[in-house]
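Peer 1: For reference, the structure I am asking about is given below.
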Amino acid sequence: MNNGVRKKVTLAGLLVSIGIVYGDIGTSPLYVMKAIVNENGGIASVNREYIVGSISLILWTITLLTTVKYVLIALKATNHGEGGIFSLYALVRKKAKWLVLPALIGGAALLADGTLTPAVTVTTAIEGLKNMRFGNDIPVPNQNSVLIITIIILLFLFSIQRMGTSIIGKTFGPIMLIWFTFLGLTGAMNLSHDLSLLEALNPVLAVKILFSPANKVGVLILGAVFLATTGAEALYSDVGHVGKGNIMASWPYVFICLALNYLGQGVWILENPNYHAGNTDFNPFFEALPSQWKFFAIILATLAAIIASQALITGSFTLVSEASGLKFLPRMKIIYPSTEQGQIFIPSINKMLCAATIGIVFLFKTSEHMEAAYGLAITVTMLMTTILLFEYLSLKKVNILLRLVFLFLFGAIESMFLISSLAKFLHGGYVTVIIAAFIGAIMYIWYFGNKVRDRREAKNAYVRLDEYTSMLSNLSHDDSVPLYATNLVYMAKVKYNKFIKRDILYSILDKRPKRAHAYWFVTVNVTNEPFTAEYAINTYGTKNVINVQLYLGFKQQQKVNVYLRQIVHELIKDGTIESQPQEYTTTPGRDVGDFKFVIVNDVISPQTQLNTYEKWLVESRVWLQNLSSNPAVWFGLEYADTVVERVPLILGSQNIKSIQRTKLK
């Protein structure tokens, strides 16, 4: 990422940030007050003390969690411009090994909760159309119609992700600016009827309502209040797409508009205590609007809901990309729609998110049921982020007293939200817990499986390539061995320009000697620039053993066979390697022979000596690798002559009992 560009605050940058970052938190007014009223038994069961106290809780929750923790503190904890819990972990992981656990737990929970955000926001917006009359027609007469429209919108949203966040942000930015202005305007109109509700700005009222008889659910009200700030973690994850400067500059306007709308809804509820009493479809957000504005509000809310979903999707792409880099997840195919490295698209994750979100819509069917499940997992993520931020502040030499205040203040607040949200478990929260556990299990297996493998791998797993060049050259010129290929290419990482896995040489020399005119060992290095296409070589003083280091930009297609053919032509032309004239060819004067690419996969050897737990970890990790990735596609070799070989992976000390010779019996 070009950090210099990203730090600049521009009008265009502000617009894009509003379009990408604030969708989730910006659509909370659609359902937060509805959830708070329903928690207490409906509009007929609430009074002024309850409404004022609840709004005070909302405003101070947003102030403390979103403004102070995320905008003022967390946005400073970026890693090369990228944010999110994994980026934060990358900054502090050297401080203590155990910090990997909050990173794994928090990341898995955030990805799981992201499946609910698109479902609940879009469904809530479309429910505003239910039973609305247009002339003599009612286009959306029931909940089934709502579900159909919701699913169509979600399918459209996931289908446009390939365009990239820059294009989407430029489209969504103006819409979200209109949305927040609309929230502020309508809220101010209702608030003007009773300015005394501004007493909700007093934090004492927020504390009092937790223990007031007017609040029938006690501290469990925090489960509904927390919905107002679920988008804070997504805000942090999306900083790589728009830059922290643009977020910090645009947040005050967004916060003011949100506050005005919550206050305005509160005034309307108090003015209409018997309105729609007992109606389960009641939503104060839409009811508080003038009737002639409702259709426009529903259309605008639907667009805002789509953008809310976008914030979670782009954040999920960033999280998964970072998780792969930290070896929490297998490597996945990443597409860069723009020249900014922070803007990515991961097709496999997009498909899984789409399937999970639509599945949740079918499972819960109504926004009320979704709200009951929403927010549980994200409280876990926020708590884990607090732990990692505490370590980050320590890394930055912040005064120990201030660090402890931060840890205990936000730890206590988020623990209360977590406890209150646990009440949601049986009402649907179990769904996100199951999804989070599944994602967390994959991360755990991949990370700790790699750790076991690296720790228990034989000390001689890597050998010096330059010590085998003589043997390879002799094999190349040994006419008694049949020719396997003119150019034999191994996709194998050569470390420090000389160390290579013994498996590679085992494949060439031990299984059945593979004779070739030239042996190529290719390492692909992805650079931070978008369109780099460079290479460097080391022949170790030979004409037929070549270590090729490819340096490809993150947007550059990894068509290794195309690049290698060009490299061979250049090396033959300058005499670095020998010419490869072809006697039989359709191309006169052709001086480059055939290519055979070899990809080596590991399989656990029966000789591996590990305890049951470690063996399960490594076997599961190898299984995940074979399931999740296709190296031939990754390196652009799907149409090349490619061989995938399996070689035994022997881990741990080998205690093989020797066999004794005896006489025939």
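Using the three backbone atoms N, Cα and C, a Cβ is placed for every residue, glycine included.
So Swiss-Prot says this about it:
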- 13-33: transmembrane segment (TRANSMEM)
- 55-75: transmembrane segment (TRANSMEM)
- 98-118: transmembrane segment (TRANSMEM)
- 167-187: transmembrane segment (TRANSMEM)
- 195-215: transmembrane segment (TRANSMEM)
- 217-237: transmembrane segment (TRANSMEM)
- 250-270: transmembrane segment (TRANSMEM)
- 295-315: transmembrane segment (TRANSMEM)
- 344-364: transmembrane segment (TRANSMEM)
- 375-395: transmembrane segment (TRANSMEM)
- 400-420: transmembrane segment (TRANSMEM)
- 428-448: transmembrane segment (TRANSMEM)
Peer 1: Sort out for me which stretch, of 55-75, 250-270, 375-395, 400-420, has the most Cβ pairs below 8 angstroms to the transmembrane segment (98-118).
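Peer 2: Between the stretches 55-75, 250-270, 375-395, 400-420, 375-395 has the largest tally.
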Peer 1: Counting Cβ pairs under 8 Å that sit 6 or more residues apart, are there three or more between the transmembrane segment (13-33) and the transmembrane segment (344-364)?
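Peer 2: Contact criterion not met.
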Peer 1: Please indicate, using numbers and ranges, the residues of the same chain that are 6 or more beyond the transmembrane segment (295-315) and have a C-beta under 8 Å from a C-beta there.
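Peer 2: For the transmembrane segment (295-315), the sequence-distant neighbours (Cβ-Cβ under 8 Å, at least 6 residues beyond its ends) are 19-24, 26-27, 30, 84, 110, 114, 117-118, 121-122, 124-126, 128-129, 132, 153-154, 157-158, 161, 165, 168, 172, 175-176, 178-179, 182, 186, 231, 233-235, 237-238, 241, 285-286, 289, 350, 353, 357.
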Peer 1: For the transmembrane segment (195-215), which partner among 55-75, 167-187, 250-270, 400-420 gives the most CB pairs under 8 Å?
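Peer 2: Per the Cβ count, the answer is 55-75.
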Peer 1: Report, as numbers and ranges, every residue of the chain located at least six residues beyond the transmembrane segment (55-75) whose Cβ falls under 8 Å of a Cβ in that stretch; write 'none' if there are none.
Peer 2: 25, 32, 83, 88, 197, 200-203, 205-206, 209-210, 221-222, 225-226, 228-229, 231-233, 235-236, 239, 244, 247-248, 251, 255, 258-259, 262-263, 266, 382, 385-386, 389, 393, 406, 409-410, 413-414
Peer 1: Under a Cβ pair cut-off of under 8 Å, which of the recorded stretches 167-187, 344-364, 400-420 contacts the transmembrane segment (217-237) most often?
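Peer 2: By Cβ pairs under 8 Å, 400-420 leads among 167-187, 344-364, 400-420.
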Peer 1: For the transmembrane segment (250-270), give me same-chain residues lying six or more residues beyond its boundaries with a C-beta closer than 8 angstroms to one of its C-beta atoms, as numbers and ranges.
Peer 2: 14, 17-18, 21-22, 25-26, 28-29, 32-33, 37, 43, 46, 48, 51-52, 54-55, 58-59, 62, 66-67, 71, 180-181, 183-184, 186-191, 193-194, 197-198, 200, 228, 284-285, 287-288
Peer 1: What same-chain residues lie close to the transmembrane segment (375-395): Cβ under 8 Å, and 6 or more beyond its ends?
Peer 2: 65, 69, 73-74, 77, 85, 88-89, 91-92, 95-96, 99, 102-103, 105-107, 109-110, 112-113, 223, 226-227, 230, 232-233, 236, 402-403, 406-407, 410-411, 414-415, 417-418, 421-422, 424-425, 429, 432-433, 435-436
Peer 1: Could you pull out which residues elsewhere in the chain have a CB under 8 Å from any CB of the transmembrane segment (344-364), counting only those six or more residues past its ends?
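Peer 2: For the transmembrane segment (344-364), the list is 114-116, 118-119, 123, 147, 150-151, 154-155, 158, 161-162, 164, 309, 313, 316-318, 320-321, 332-337, 370, 373, 428, 431, 435.
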